[in-house]
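Feature annotations, courtesy of Swiss-Prot:
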type    : residues                     : note
BINDING : Cys53, Cys54, Cys118, Cys149 : [4Fe-4S] cluster binding site
Amino acid sequence: MKPQSLEANIINPITPLEVTQELSDNVILTALDDLYDWVKMSSLYPFMFGTACCFMEFMGAYASRFDMERFGMIPRATPRQADLLITAGTITMKYAPALVRLYEQMPEPKYVMAMGACTITGGMFSADSPSAVRGVDKLIPVDVYIPGCPPRAEAVLDAITKLRKKIANESLQERDTTQQTHRYYSIPHKMKVVPPAVTGQYLQSHEVA
């Protein structure tokens, strides 16, 4: 190989690459599942569904101190371009059809992250409220839970790391068989009517006593 002159190095400081005959130096060999999982976990596009104070902590995770965009997470304004749904805050019965509709509009594969006690269990608003949904997993399947009231930004980053590990270990064939499909609510089927859990009997017994 002819050495380059000083003038050529100044104009083009990058020397041309040498092409070898070794296959490992020129071609990357990997499985299709590994390539697919690497692409998915490196480009998660979240869609935020925030209804309460937990969502404010999630906004802090996008600040310069944590910078969640370094994971390839670019927020999207429409569910049709997102593959990660993040719910934060209380989900009410009126919100349930809209939330399920947004989830159904997301393309496969899609993931759901429940953030905060109100989303996971209904929180303090579900104790005596017949309109609060006691857990978003009764409406849509959830992949990662972030407990807290509200959870800190460090917990959000830890959840993102766990979700990336889950995606990295997925298989295309296993996902079709293990994906949760049964839900209490869906677009073609109505919400199942169940007897109310809070009937006020404990209040009546307390007054009698």
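The backbone N, Cα and C atoms fix where each Cβ goes, glycine too.
Positions of the features from Swiss-Prot, shown on the structure.
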residue: Cys53; record: [4Fe-4S] cluster binding site; Cβ within 10 Å: 13
residue: Cys54; record: [4Fe-4S] cluster binding site; Cβ within 10 Å: 26
residue: Cys118; record: [4Fe-4S] cluster binding site; Cβ within 10 Å: 27
residue: Cys149; record: [4Fe-4S] cluster binding site; Cβ within 10 Å: 13
* 8 Å Cβ shell about Cys53, Cys54, Cys118, Cys149 centroid, [4Fe-4S] cluster site members excluded -> Ala52, Ala88, Gly89, Thr90, Met115, Gly116, Ala117, Thr119, Gly123, Gly148, Pro150
* Assigned conformation of Cys53 ([4Fe-4S] cluster binding site) - DSSP reduced to three states -> coil
